[in-house]
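Peer 1: If you look up TrEMBL, you'll see 1-45 marked as region 'Disordered'. According to TrEMBL, the compositional bias 'Basic and acidic residues' annotation covers 27-38. Per TrEMBL, the feature S-adenosyl-L-methionine binding site maps to Glu100, Asp125, Asp152, Asp175. Among the features that TrEMBL reports, substrate binding site is placed at Lys179, Asp211, Thr248, Arg249, Phe250, Glu251.
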Amino acid sequence: MSDFLNAPEAPSPTPHTPGVSVRHTRAKGEPRFPDGPRADPAGSHFERRIRSFQPRRSRVTAGQADALQRLWPAWGLDIDGQRVIDLGELFGNDSPVVLEIGFGMGEATARMAAADPDTDILAVDVHTPGQGNLLGLADRMGLSNVRVANGDAIILLREMLAPDSLDGLRVYFPDPWPKKRHHKRRLIQPEFLTLAATRLKPGAVVHCATDWEPYAEQMLQVLSAHPDFENTQADGGFAARPAFRPLTRFEGQGLDKGHVVNDLLFRRVPHRDR
Ligand SMILES: C[S@@+](CC[C@H](N)C(=O)[O-])C[C@H]1O[C@@H](n2cnc3c(N)ncnc32)[C@H](O)[C@@H]1O
């Protein structure tokens with residue numbers, strides 16, 4: 001297994017504890033960033049490894065804190081790496097489940113959930129304000145098909161999702177990690193795709209979008225070369241932006257800078273002998 005999936009380098013985020021305040025008043029000895037290392041009684045989710053996200057100072061607004069307090073127990077999922085989730089139980093139905101990795105503030109997630117109530121969205125990010133924001137949006141919009149996971153998507157995929165459990169995967173504007181020495185942190189790379197493929201049902205669609213053209217080219221190259229995926233585009237290139245994908249916050253910022261946005265739509269091919 002590669003360093004990206006396993007190497008001991010960086011910590012996973014701290015889990016939310018239901019009922020405990022999410023306002024971060026640093027205790028003596030507690031690290032500067034809430035996503036940083038703390039003593040972890042729960043075990044394996046605290047492993048140190050290369051990660052695809054940046055530690056960020058997390059200023060949680062009163063509204064986001066309120067949403068986290070009220071809604072996390074019912075709609076939140078801590079990525080503790082300790083158990084395989086029953087997705088039917090998590091959502092309370094048998095609808096198809098799409099995993100969205102890195103939803104940011106969650107506006108696009110909420111809009112997509114509202115537009116397609118028969119699809120469940122498991123939305124994962126490490127960013128506490130975004131989690132509170134998405135929970136608040138889901139509450140105000142009356143959405144019952146969104147669940148919010150806190151932690152590293154790699155651990156969610158590797159330890160907590162069953163094989164063939166996902167009907168789709170969305171990765172919209174993942175951190176581009178533009179510096180060469182940081183390219184190893186990019187999420188979309190062969191090892192990640194191999195892991196994701198095991199969790200996706202045959203026919204499930206992986207939808208990526210980015211405004212960073214070198215990363216778009218890398219995505220196209222690694223997805224096209226991967227034996228578990230095939231391009232939905234007959235010409236083997238990027239897809240036209242699908243009408244169902246709303247503008248995301250990061251996309252808007254990229255467009256303001258004159259960046260070109262590329263979408264990629266690849267399908268999980270039927271299983272080969274593993
Ligand atoms: C550049 S932002 C894009 C957010 C949103 N999709 C948008 O377009 O506005 C990337 C997000 O991915 C999250 N992220 C990156 N790697 C992740 C991982 N391994 N697990 C969970 N979230 C991750 C980051 O915390 C960040 O919020």
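Placed from the backbone N, Cα and C atoms, the Cβ positions cover glycine too.
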Peer 1: Consider only the binding-site residues Glu100, Asp152, Asp175, Lys179, Asp211, Arg249: which of them have a Cβ under 6 Å from an atom of ligand 1? Write none if no residue does.
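Peer 2: The qualifying binding-site residues are Asp152, Asp175, Arg249.
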Peer 1: In Å, rounded, how far does the Cα of Lys179 (substrate binding site) sit from the Cα of Glu100 (S-adenosyl-L-methionine binding site)?
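Peer 2: Rounded to a whole number, the Cα-Cα distance is 25 Å.
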Peer 1: Please report the DSSP secondary structure of Arg249 (substrate binding site), reduced to three states.
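Peer 2: Going by the DSSP assignment, Arg249 (substrate binding site) falls within a helical segment, counted as helix.
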Peer 1: Would you mind reading off the Cα separation of Arg249 (substrate binding site) from Asp175 (S-adenosyl-L-methionine binding site), to the nearest angstrom?
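Peer 2: Given the Cα positions, Arg249 (substrate binding site) is 13 Å from Asp175 (S-adenosyl-L-methionine binding site).
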Peer 1: For S-adenosyl-L-methionine, what surrounds Glu100, Asp125, Asp152, Asp175 with a Cβ no more than 8 Å from their Cβ centroid?
Peer 2: Ser52, Phe53, Ile101, Gly102, Phe103, Val124, Val126, His127, Ala153, Pro174, Leu187
Peer 1: Within 10 Å of the Cβ of Asp175 (S-adenosyl-L-methionine binding site), how many other Cβ atoms can you find? Include all protein chains, please.
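Peer 2: For Asp175 (S-adenosyl-L-methionine binding site), the count of other Cβ atoms within 10 Å is 18.
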Peer 1: Determine, to the nearest whole angstrom, how far the Cα atom of Thr248 (substrate binding site) is from the Cα atom of Asp125 (S-adenosyl-L-methionine binding site).
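Peer 2: A Cα-Cα distance of 15 Å.
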Peer 1: In the structure shown, which of the binding-site residues Asp125, Lys179, Asp211 has the fewest Cβ neighbours within 10 Å?
Peer 2: Lys179
Peer 1: Where does Asp125 (S-adenosyl-L-methionine binding site) sit in the DSSP three-state scheme?
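Peer 2: Asp125 (S-adenosyl-L-methionine binding site) sits in a strand per DSSP.
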Peer 1: Among residues Glu100, Asp125, Asp152, Asp175 annotated as binding S-adenosyl-L-methionine, what is the maximum Cα-Cα distance? Answer in Å.
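Peer 2: Max Cα-Cα spread across the S-adenosyl-L-methionine binders: 14 Å.
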Peer 1: Sort the binding-site residues Glu100, Asp125, Asp152, Asp175 by C-alpha distance from Glu251 (substrate binding site) and give me just the closest.
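Peer 2: In terms of Cα distance, Glu251 (substrate binding site) lies closest to Asp175.
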Peer 1: Measuring Cα to Cα, tell me the gap between Asp125 (S-adenosyl-L-methionine binding site) and Phe250 (substrate binding site) in whole angstrom.
Peer 2: 14
Peer 1: Checking the spread of the substrate site as listed (Lys179, Asp211, Thr248, Arg249, Phe250, Glu251): what is the longest Cα-Cα distance, in whole Å?
Peer 2: 23
